[in-house]
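Structure record follows, encoded as structure tokens.
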Amino acid sequence: MDLAPGRRARLLVALALVVLVALAARSGAEVITLTEETFSDKIKEKDTVWFVKFCVPWCKHCKNLGTLWEDLGKVMEGADEIEIGQVDCGVSKPVCSKVDIHSYPTFKVFYEGEEVAKYKGPRNVESLKNFVSDEAEKAGEAKLQDS
């Protein structure tokens, strides 16, 4: 396909805009995949609560979650200092061993490098949101008391 230079430039600009709009729609709403290389540094981030799902692709209980974790990521998009993460224990086995994962799915909250809670409640967005928000509030209060 041979395009005139002006038409080619317009096509490239249009394509770039489509990509930017798609990326903007996803920014802040995505669940962050944590790996052996990134897990420790991320969960140690100052003043940041990490709510992490540990799963493996072959687990029927993980599959039954459907889009729950992604939906939580979207709902928590505007939440200050709360990040939603996930670890594939099939790929990042050392991470899952380090934090004592023995069943799937497992949901844990980390604050400044330490595990502060494990979620065992209902599997719906509202319950997950309330849980991690409460844990973030507790972490903030504990930090103020330590100061």
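Easy rule for this one: first residue shown is 1, then count along the chain.
The backbone N, Cα and C atoms fix where each Cβ goes, glycine too.
What Swiss-Prot lists as signal peptide is 1-29, and the listing cites sequence analysis. Sequence annotations record features per position, and here Swiss-Prot assigns domain 'Thioredoxin' to 30-137. Per Swiss-Prot, the feature active site, nucleophile maps to C59, C62; the stated evidence is similarity to another entry. If you look up Swiss-Prot, you'll see C59-C62 marked as disulfide bond, on the strength of sequence analysis. Taken from Swiss-Prot, the feature site 'Lowers pKa of C-terminal Cys of active site' applies to R123, supported by similarity to another entry.
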- Report the same-chain neighbours of R123 (site 'Lowers pKa of C-terminal Cys of active site'): residues 6+ apart in sequence with Cβ closer than 8 Å to its Cβ, ordered by sequence. L65, L68
- Note on the structure: Reduced to three DSSP states, the domain 'Thioredoxin' (30-137) has 37 helix, 28 strand, 43 coil
- So what sits near C59 (active site, nucleophile) in its own chain, CB-to-CB under 8 Å and at least six residues off in sequence? Y104, P105
- Message: With every protein chain in view, what's the tally of Cβ atoms within 10 Å of the Cβ of C62 (disulfide bond), excluding that atom itself?
- Response: 20
